[in-house]
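Structure first, commentary second.
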Amino acid sequence: MSPWLSLVLALLVLGNDCSAAPRPRQPTVVVFPGDLRTDLTNKQLAEEYLYRYGYTQVAELSDDKQSLSRALRVLQKRLSLPETGELDSTTLAAMRAPRCGVPDVGRFQTFEGDLKWHHQNLTYWIQNYSEDLPRNVIDDAFARAFAVWSAVTPLTFTRVYGVEADIIIQFGVREHGDGYPFDGKDGLLAHAFPPGQGIQGDAHFDDEELWSLGKGVVVPTFFGNADGAPCHFPFTFEGRNYSACTTDGRSDGQLWCSTTADYDTDRRFGFCPSERLYTEHGNSDGKPCVFPFTFEGRSYSACTTDGRSDGYRWCATTANYDQDKLYGFCPTRVDTTVTGGNSAGELCVFPFVFLGQEYSTCTRDGRTDGRLWCATTSNFDSDKKWGFCPDQGYSLFLVAAHEFGHALGLDHTSVPEALMYPMYSYTEKPPLHEDDVKGIQHLYGGPRPKPEPRPPTTTPETQPTAPPTVCATVRPSEGPTAGPTGPPSPGPTNAPTAGPTGAPTAGPTDSPTRAPTAGPSVAPTESLDPADNVCNVDIFDAIAEIGNYLHLFKDGRYWRFSEAQGRLVQGPFLIRDKWPALPSKLDSVFEEPQSKKIFFFSGRQVWVYTGATVLGPRRLDKLGFGPEVAQVTGALPRGGGKVLLFSRQNFWRFDAKSQMVDPKSASRVDRTFPGVPTNMHDVFLYRDKAYFCQDRYYWRMNLQNGINQVEEVNYVTYDLLQCPEN
Ligand SMILES: [Zn+2]
Ligand SMILES: [Zn+2]
């Protein structure tokens, strides 16, 4: 089945380059060991292609020149190529181009799917993820791909978490369970099934492709001064060109990259995902690797797959695994993981020696095909280990938009400019062509008329959907940037240079003082002022469970909510009546369950109340936070006086007794809590469940069962506080 044959190596030209006179540089061509060469003849390639995509019924065309020519004409017509009936270079190039796996002629299925969906409120589930892109970027790509279609139809697409979804999205490799195997890198990229029950309507993506946004690997950054912006490859640093993250210029071995093309001018940077920054899964809470570490008596100074049969790279997070048994998995390095060659899946090693020269980036030297490659050991000349460097990758957004077209009932078109043309091509323009719009509107009609301009009330236009299960979902918002999970957007408050100014300080106290009053004494009364109604608050400053009440803070006031008391909301109360030292704007609040101390955070300041006694304000530095932490955006008490403190996309372990964070515990939110938005503004614990808030929504996660999985996404007001939906 495999058409590939590996070639035996031979170094063709190895000049002895000690001549004195300068002479024109001869391109040195090297035959790389393990380089894949197709052994398919053009005719075999054509036969396989024609069969796979529905142009012929049998794989073997025998030697009937007539039938091959006939099939080629059909294909050429379908793909809008010159109809020669010959296997000419244009046709061969088309057959080698990356494309969708759905046949051009006939249906994908052996059993008939429906032509279209019979309901308009479709649901989708992202079942798993590719490692090539950050999860929130994948979520966003799919949401935008659905929005392409919802913009021109009455259809809506709602993300859910479970098999009841109409459209289940999956990444897989080779045979992935449906009898239509993928083919490794390039070639076939993805496929989808027409509408219907079960696998019908599902979309599958080949995870041996490099998934990107169409313009190279997407590497998110951490810390630094670019607020999580992705790396910009290539970038220049001290006049040199870098196509991957580097440790150059640092003594601590941390990988970093520039987030603009020119670091020397712009000086914007962040740290790249690496095992020296954090690990994933494992049992160490995301702690970074410790090198060297000992495993089965041997010393390791890099991540290893030893001791595992699944090929995952891991490391110990203490110096001795044999003794401590603490470990984590090493983050994928999408910027330097090679494909092909003879060490696929390993990392480029920079610098490496090739023909006696040192290379610190990928190179095209030695190749006739112009592809970038690198060595995976420090010396190619002696070790001969190499692979191809990451290329531009395929735009997950564009491929998904195409596949979702199939999932809605569309077939391929012969209009090369249309989204539903079977071949992949990258564009930055809106992907829909008139032909696509005509096709989808033939099935579903045009978009619903827009509602009348919204009256100036606070009544929400979008009501939460109420599916029969507990796992309700968020409606994608209009427009191309759907849903609350967007790409990592730089928050305005995450400035790296945390100056000496925090929030306005509330009073001159830096030592425990007596509060003059002891909290609200007046029973809340019914108020007719809409501003007093908790249900009219879109986004709360902070939410925390204090003394069995959920407290919701906003602009100097707070409400108390108890489910035990018939879902009663009390308030608003004034923050200054109960906690007079506090500013009116809070970022986050938590009560440490053992000591009943309440921690209040605002900007770079923290106050700790014990009853009516306050300590603070103190600067976050006093808790062990570095200057890069501009605010604390949430807290999850974890028992035993331990608390997880959040700041945007990172979190730390905090010891409430010593009132210090463990600076080494810095971890990424999306690694430990997959599926929650990375730019949330509040995190709190309520009735033993973790809530991550963004915009008007919360993501609820059950931390008790050991699997950190989002079990519900819903509105804070309607679903948590049981506000009427009007
Ligand atoms: Zn297709
Ligand atoms: Zn499949």
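Cβ coordinates are placed from backbone N, Cα and C, and glycine is handled just like the others.
Automatic, uncurated: that is what TrEMBL annotation is.
As the structure is a computational prediction, the values presented were derived from the model and not from experiment.
What TrEMBL lists as signal peptide is 1-20. Look at TrEMBL and you will find 98-105 tagged as motif 'Cysteine switch'. Taken from TrEMBL, the feature Zn(2+) 2 binding site applies to C100, H232. Here TrEMBL flags D132, D207, E209 as Ca(2+) 1 binding site. Under the heading Ca(2+) 2 binding site, TrEMBL lists D166, D202. Here TrEMBL flags H176, D178, H191, H204 as Zn(2+) 1 binding site. The Ca(2+) 3 binding site annotation in TrEMBL covers D183, G184, L188, D206, E209. Positions annotated as domain 'Fibronectin type-II' by TrEMBL: 226-274, 284-332, 343-391. Annotation source TrEMBL lists region 'Disordered' at 437-527.
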> Listed binding-site residues are C100, H176, D178, D202, D206; which sit with C-beta under 6 angstroms of ligand 1?
Replying inline: C100
> In this predicted model, what is the average pLDDT of the domain 'Fibronectin type-II' (226-274)?
Replying inline: 90
> Should D166 (Ca(2+) 2 binding site) be counted as helix, strand, or coil on the basis of DSSP?
Replying inline: coil
> At the level of the C-alpha atoms, what whole-angstrom distance separates D202 (Ca(2+) 2 binding site) and H191 (Zn(2+) 1 binding site)?
Replying inline: 9
> Given G184 (Ca(2+) 3 binding site) and D166 (Ca(2+) 2 binding site), what distance in Å do their CA atoms have, once rounded to a whole number?
Replying inline: 27
> Going by DSSP, how much of the motif 'Cysteine switch' (98-105) is helix, how much is strand and how much is coil, in residues?
Replying inline: 0 helix, 1 strand, 7 coil
> What are the other residues, in sequence order, whose C-beta lies within 8 angstroms of the center of the C-beta atoms of H176, D178, H191, H204 at the Zn(2+) 1 site?
Replying inline: G101, Q170, G172, G177, Y180, P181, F182, D202
> Do any of the binding-site residues C100, D132, D178, H204 touch ligand 2, in the sense that the CB is under 6 Å from one of its atoms?
Replying inline: D178, H204
>> Cα-Cα, whole number of Å: H232 (Zn(2+) 2 binding site) versus D183 (Ca(2+) 3 binding site)?
In response: 30
> Taking the mean position of the Cβ atoms of D132, D207, E209 as the Ca(2+) 1 site, which residues outside that list, in the same chain, have a Cβ no more than 8 Å away, listed in sequence order?
Replying inline: S130, E131, F171, F205, D206, E208, L210, W211, G393
> Of all the binding-site residues given, namely D166, D206, D207, E209, which is spatially nearest to D178 (Zn(2+) 1 binding site) at the Cα level?
Replying inline: D206
>> For a quick check of understanding: among the binding-site residues D178, D183, D207, E209, which residue's Cβ has the most other Cβ atoms within 10 Å?
In response: E209
> In sequence order, what residues of the same chain, 6+ apart, have a Cβ less than 8 Å from the Cβ of L188 (Ca(2+) 3 binding site)?
Replying inline: P98, R99, C100, G101, F182, D206
> Using DSSP, would you call E209 (Ca(2+) 1 binding site) helix, strand or coil?
Replying inline: coil
>> If I take the alpha carbons of H176 (Zn(2+) 1 binding site) and D183 (Ca(2+) 3 binding site), what is the distance between them in whole Å?
In response: 11
>> Can you tell me which of the binding-site residues D132, D166, H191, E209 is spatially closest to D183 (Ca(2+) 3 binding site)? Compare CA atoms only.
In response: E209
>> Neighbour count first, Cβ atoms within 10 Å, every protein chain included; then name which of D132, D166, D202, D206 tops the list of binding-site residues.
In response: D206
